[in-house]
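This report refers to the structure that appears directly beneath it.
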């Protein structure tokens, strides 16, 4: 670690990450996507390794105790890291409920949020989003077509009352409370490409084909 990096880490505040692992993997036969293996590591293990390069705690947002028990063995690989679980209070409320539960559990003002099936989350991008979010309500990647990456973003606890209001209106989209917050920073994907040209940080695994493509891409990289 060079002196510049060390100085930067000493100055930064405590950071949390919320991993939304509560999805049922319906498009993959109801499997726990976070436990799928890729290059001898589960997706969750790979994700945690990347996150702990830039955060101090990780909160795993899960459906219930049954899912917690399935994921728990992965935590044995991180004995010196702070990893906790939180649970949805509302059924079938989607990822927005996972974000709400995670923000309530988080020890920091700002938390990075991502899905549990994203094996290539880039620590440099996470670091960038935390920096952009500092002093603001949120920092969210934005594409040129005005599409967003709300499940790869940093949110402050100021989002909590807006989530409650969204639920009261019957809205479960993650963007519903986002657009009600007053001070959201949108980070252009063109800026993110400077750190991650292929934008692999946004890759998630929804189908068997996604997993096969990911494995095929890795083989091409090593010339197999």
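Quick reminder: no glycine exception, Cβ is built from N, Cα and C everywhere.
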Swiss-Prot GTP site partner of 20, 21, 22, 88, 117, selected from 33, 77: 33
Assigned conformation of residue 20 (GTP binding site) - DSSP reduced to three states: strand
